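To start, the structure itself, in C-alpha cells.
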Amino acid sequence: MTSPVPRLIEQFERGLDAPICLTWELTYACNLACVHCLSSSGKRDPGELSTRQCKDIIDELERMQVFYVNIGGGEPTVRPDFWELVDYATAHHVGVKFSTNGVRITPEVATRLAATDYVDVQISLDGATAEVNDAIRGTGSFDMAVRALQNLAAAGFAGVKISVVITRRNVAQLDEFATLASRYGATLRITRLRPSGRGTDVWADLHPTADQQVQLYDWLVSKGERVLTGDSFFHLAPLGQSGALAGLNMCGAGRVVCLIDPVGDVYACPFAIHDHFLAGNVLSDGGFQNVWKNSSLFRELREPQSAGACGSCGHYDSCRGGCMAAKFFTGLPLDGPDPECVQGHSEPALARERHLPRPRADHSRGRRVSKPVPLTLSMRPPKRPCNESPV
C-alpha cells in the first residue's frame, strides 16, 4: 500500500486554501526584553490594528475555515482587548493558542481559562532554572512563568504547554525541562533558535554547537516521543535514519504557514519578518484571504524549488536544505545549506565575509546593546529586569 505521506507533502508544497499554522502577533508591546526575541518586541506600534479590524480578520479566518491561530507578540495579554478577541475568535469557530510569559496568568485568569473551550496556553521558558532562564529573558521571568504554571495547574487547566527555545546554555537541561513539564501536567515543546529579530545579534553565541546538536537529536529520538517540535529540527534529520524524528521536514513558508504582524502586514514565515518576505497587508491588499491566495511571493514559494547546492547531498530528502529564515539572516544563499547543517556543508560559506540582513523594524526599548558578548557567558545579558508595565 502506498504511503499517503508523500502525497500530503506534495499538497503542502503546492500550498493550501488556508494556512495550517497561522501566527498572529497582536502587539509588539512586552514587559520583557528577551535577548533572542524574533520580533524585537518591547514598544507598542502606534499603527496597531484596532479591535474592529482584528475582528474583521477573525471573520475572514472563519470563512476560510482556519482551524486555529497562534497568537503571540510581544506579550499578547497586555493588549487591553486581548480577552475580548480570544472570546470572539472561539465564538466564531477559530481556536486560539496563545504564547505568554505568564505576566497576566493570575489565579482568576487561570480559572477562566480552565472553563473555556478551544483555547490552548503556551508558557515560554528558556531555562529549567532561574539562573539559565533569567539570563535570556530577564530577572524574575522564571518565577513569573512558574507562577503561571502553578495557577493553571491549580485551576485544572488541561494541556498547557511549556515552550523552550533551545540554546547553548539550556540544551543540557532537557531532562529537567521534561521533569518540570511533568510536575505541572504540561506538554513540553521545544523550538529552534533562529537568527531573526534580536536573535540576529546573539545567534552566533547562543545557537547549539555541533556536539550539542547531536546531543539534542539523540535525546529527541530516545526520550522525545511526547515532545512537540513542529518543523523546528528537520535540519537534524541527516544524523539518523529517515523518519526517526517526528515533525514536518519541509519549509512551510507561504505554503502552510505565515504570519500577520500587529499592523496587518503578512509575512511568509514567523521567523522571517523582513521586506524580502513581505507578501502584503490585510488592510491595503484586499484582506488576508486575497494575500494568502494571490500574493506574488506566496505563488513563487509554491512553485517547485531548486535543491541548489544541496542537490548533490545524499541527505537532501531528509532535511530539504533546512530553514529559509536561518539562511537568510546569516547571509547564506537560500538555495544553499542551512547554517547549522549537521554535515558541515555550510562551514565554508560561514567562514567568508557575508552581508547580514537586518530585521525590518526594531521595537526594543532603550538603547541597543552592541558591545561584544563576554566569552565567559557566551551571551548578551538581558537589557533590563522584568517589568510588568509594558506600555
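Glycine residues also receive a Cβ, built from the backbone N, Cα and C atoms like all the rest.
Residues or ranges marked as [4Fe-4S] cluster 1 binding site in Swiss-Prot (evidence: similarity to another entry): CYS30, CYS34, CYS37. In this structure, CYS37 ([4Fe-4S] cluster 1 binding site) belongs to neither helix nor strand by DSSP; it is coil. A simple way to gauge crowding: the CB of CYS37 ([4Fe-4S] cluster 1 binding site) has 25 other CB atoms within 10 angstroms, across all the protein chains here.
Positions annotated as [4Fe-4S] cluster 2 binding site by Swiss-Prot, on the basis of similarity to another entry: CYS251, CYS258, CYS269, CYS323. Using a 10 Å Cβ-Cβ cutoff, CYS269 ([4Fe-4S] cluster 2 binding site) registers 23 neighbours.
Note on CYS319 ([4Fe-4S] cluster 3 binding site): other Cβ atoms within 10 Å of its Cβ, all shown chains, come to 24. Per Swiss-Prot, the feature [4Fe-4S] cluster 3 binding site maps to CYS310, CYS313, CYS319, CYS341.
Per Swiss-Prot, domain 'Radical SAM core' is recorded for 16-232, and the stated evidence type is sequence analysis.
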Check CYS30 ([4Fe-4S] cluster 1 binding site) against DSSP and tell me helix, strand or coil, would you?
coil
What is the separation, in Å, between the Cα atoms of CYS37 ([4Fe-4S] cluster 1 binding site) and CYS269 ([4Fe-4S] cluster 2 binding site)?
15
Given the binding-site residues CYS30, CYS34, CYS310, CYS313, CYS319, state which is nearest to CYS251 ([4Fe-4S] cluster 2 binding site) when distance is taken between Cα atoms.
CYS319
Reported as an integer number of Å, what is the Cα distance between CYS319 ([4Fe-4S] cluster 3 binding site) and CYS30 ([4Fe-4S] cluster 1 binding site)?
34
Minimum Cα separation from CYS323 ([4Fe-4S] cluster 2 binding site), reported as the residue among binding-site residues CYS30, CYS34, CYS310, CYS313, CYS341 that achieves it:
CYS341
Within 10 angstroms of the C-beta of CYS258 ([4Fe-4S] cluster 2 binding site), the count of other C-beta atoms across all shown chains comes to 28
